[in-house]
Ligand SMILES: [Zn+2]
């Protein structure tokens, strides 16, 4: 060994100090699982999850499932992997409650993410780069929604360390395929025997980031109706003026749709309604014309023309009158128009299986709503007005069963970057979210329904 005797002497003096510090560190770690609970360990687990590439079209679901199960094992949670469709594992975890007869809590999250255009990102989307000056963690899935899935587990770790034991059973589901409709994930799960046996009383699922200090809570979501309208008419020379051409008939419909769209949008612009509270209609394709080798035949009026619309309907709206509007104004048979009534290209009903509007009560009539608000406030979180989610999530499959399902992702002071380039979540915001879930899970898992409620429900 090289080095002066002075350096040697110095090192010898330091050694006892070092071993004392080490001993204390080991002691702390043994007492409260410190190696798992300090914030750098929490952040590095988040990064580990984010680094698993679960982007479509080839999500690495098994690697994600292995990771979730390993975290669950460190918490002694019961785990099982359900594979309703081969190659699409769903991880179901269980933290058993003291009273298994009470309805359980389900914390849902999806493991898949949307693809990323790597070259448009400042940091590679699956590196989970932590910018040390800002504290931002850049990754696809950092907002949508690997944050939430892991925050649930970190919150459970904190609760366990504090000695908390749930009264109600807490389930966690990590589902595949949300980003492509959830048919082989949450839908099959919600329809399964396994799900029925879980006796779920309430579901938490994803929400959206909030650019303000207020968290956002979602009690419903707009239902997608993908409408294709088709006009037919007699073909004719391009120079001839005559009535009922396919193009003229389609244009009249498009004008009518545009007026409706503008009126809905005006309500949003005027601040009278939130984005999720109006019907949105956007034309997504136009298909017409007679192809020729150089483009389209120019002196011929075609006999068919089609347009496609993405319509989003809030369950609070009168869907029947919208259907009437489509049949009478947008695609009237009197103008030789057809649309596939009752068989839209895709149509999600605004009603649940009991025929009620597919939404969760967002007031004190719903104890789960009140408990959630209270738990968030107890953890120093601020809340905005209840909202309707503008797009779709897996929560609809649980609401369809008549279950209360609330959309919530604890991200305040955060730009909305889901599906965008450079999606990120700040590490402090992530850590704060864990405290919020700690409060929520504690409130939910200890909730005892009052007998009064039972009686009044029976009367109903
Ligand atoms: Zn999502």
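The backbone N, Cα and C atoms fix where each Cβ goes, and this holds for glycine too.
Feature list (source: TrEMBL):
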{"type": "ACT_SITE", "residues": "112", "note": "active site"}
{"type": "ACT_SITE", "residues": "178", "note": "active site, proton acceptor"}
{"type": "BINDING", "residues": "110, 144, 206", "note": "Zn(2+) 1 binding site"}
{"type": "BINDING", "residues": "144, 179, 419", "note": "Zn(2+) 2 binding site"}
{"type": "SIGNAL", "residues": "1-33", "note": "signal peptide"}
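Note on proximity: of the recorded positions 144, 178, 206, the one nearest residue 112 (active site) is 178, by Cα distance.
In the three-state DSSP reading, the residue listed as 'active site, proton acceptor' counts as helix. When the binding-site residues 110, 419 are compared by the number of other CB atoms within 10 angstroms of each CB, 419 has the fewest. Taking a C-beta cut-off of under 8 angstroms and a sequence separation of 6 or more, residue 206 (Zn(2+) 1 binding site) has the following same-chain neighbours: 109, 110, 144, 145, 148, 393, 394, 395, 407, 408, 409. Annotated pair residue 419 (Zn(2+) 2 binding site) and the residue listed as 'active site, proton acceptor', C-alpha to C-alpha distance, rounded: 13 Å. Neighbour density at the Cβ, taken as the number of other Cβ atoms within 10 Å, is lowest among the recorded positions 112, 144, 178, 179 for 179. When secondary structure is read from DSSP and collapsed to three states, residue 110 (Zn(2+) 1 binding site) falls in the strand class. Neighbouring residues of the recorded Zn(2+) 1 site, listed in sequence order and excluding 110, 144, 206, comprise 109, 145, 148, 178, 179, 205, 393, 394, 409, 418 (Cβ within 8 Å of the Cβ centroid). Under the three-state DSSP scheme, residue 206 (Zn(2+) 1 binding site) falls in the coil class. Selection of the recorded positions 112, 206, 419 by a Cβ distance under 6 Å from ligand 1 yields, in sequence order, 206.
Other than the site residues 144, 179, 419, same-chain residues with C-beta atoms no more than 8 angstroms from the centre of those residues' C-beta atoms, the Zn(2+) 2 site, are 113, 114, 141, 145, 418.
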